Amino acid sequence: MSPAEEEKSLPLPQRWPRASKFALSACAAAVAELVTFPLDLTKTRLQIQGEAAVRRDGAASGQAAPYRGMLRTAAGIVQEEGLGKLWQGAMPAIYRHIVYSGVRMVAYEHLRDSVLCRAEDKTFPLWKAVVGGMSAGAIGQFFASPTDLVKVQMQMEGKRKLEGKPLRFRGVHHAFLKILSEGGIRGLWAGWVPNVQRAALVNMGDLTTYDTVKHFLLLNTPLVDNSVTHSVSSACSGLVAAVLGTPADVVKTRIMNQPRDKQGRGLLYKSSMDCLIQTVQGEGFMSLYKGFIPTWMRMAPWSLVFWLTYEQIRRICGVSSF
């Protein structure tokens, strides 16, 4: 058998390993996103409420919505807008994770195995895992930033309707086209800096923690590479990711949701640092953790669903464990 014929006879994951891992991680992320999306919507609404810059500049009509907490905010969305609105913006979120999770997972494994060179016994120094996780998250989020922008803005459409404002978008594709026509290519990457910063921090918590905890357990405890180990590792990664990522997530959400001029420049915040300063000065340091509970309550089940699904899909498809 010739080398070409031998290569064609190999299973798909072995012929195109990176493309296969991209597809598998995208599928696992789509499942996790659908299951936990209502918590993401609640988190976004909480982070927008009470913006000092909005109150100061009069960018919003009427009184600012009361800070109601996670459960009351979710209940309010259902009562005021309908149950289906808990999944408003789900499609761009899924599009985002197809790009984001696919790129970050492939990038992390490539950095871990080929660039930073994990040892043969699977040991991987923490500092290398941090570098790999932050780099992979930043790369994945940069490519996925336009879909994240659409997701955030569509999540706020229900609130605009209740405030008597006209809806901005008819759907996902209309949102992409409208943002592109109003702000150009630059407009699609509005808020990409805090977006990438947040993704780097979140993945230092998610990828780094999961990989480190999983292989620590495998090397130092009687646990084997199964669902129990994956569940413990994902629980740790979700908590650390929420603690590290929430402040950057608040800044990212506010920058993405702010009104813009015809050149695509924000009217409330000049930069992520300006948004950070205004938020702390106007609302206090703890405002950076608005939405922390739903963020953590979403990241914990998201990590659990994603990692369990991803590991099982890899096993079923004949791809080695992460």
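Heads up, residue numbers simply count up from 1 along the chain you see.
Even glycines carry a Cβ here, placed using N, Cα and C.
Features of the protein shown, as given by TrEMBL:
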type: REPEAT; residues: 20-114; note: repeat 'Solcar'
type: REPEAT; residues: 124-216; note: repeat 'Solcar'
type: REPEAT; residues: 225-316; note: repeat 'Solcar'
(message) Looking at the repeat 'Solcar' (124-216) alone, can you tell me the average pLDDT?
(response) 85
(message) Let's see if you can do this one: DSSP helix, strand and coil counts over the repeat 'Solcar' (20-114), in that order.
(response) 77 helix, 0 strand, 18 coil
(message) Let's see if you can do this one: DSSP helix, strand and coil counts over the repeat 'Solcar' (225-316), in that order.
(response) 73 helix, 2 strand, 17 coil
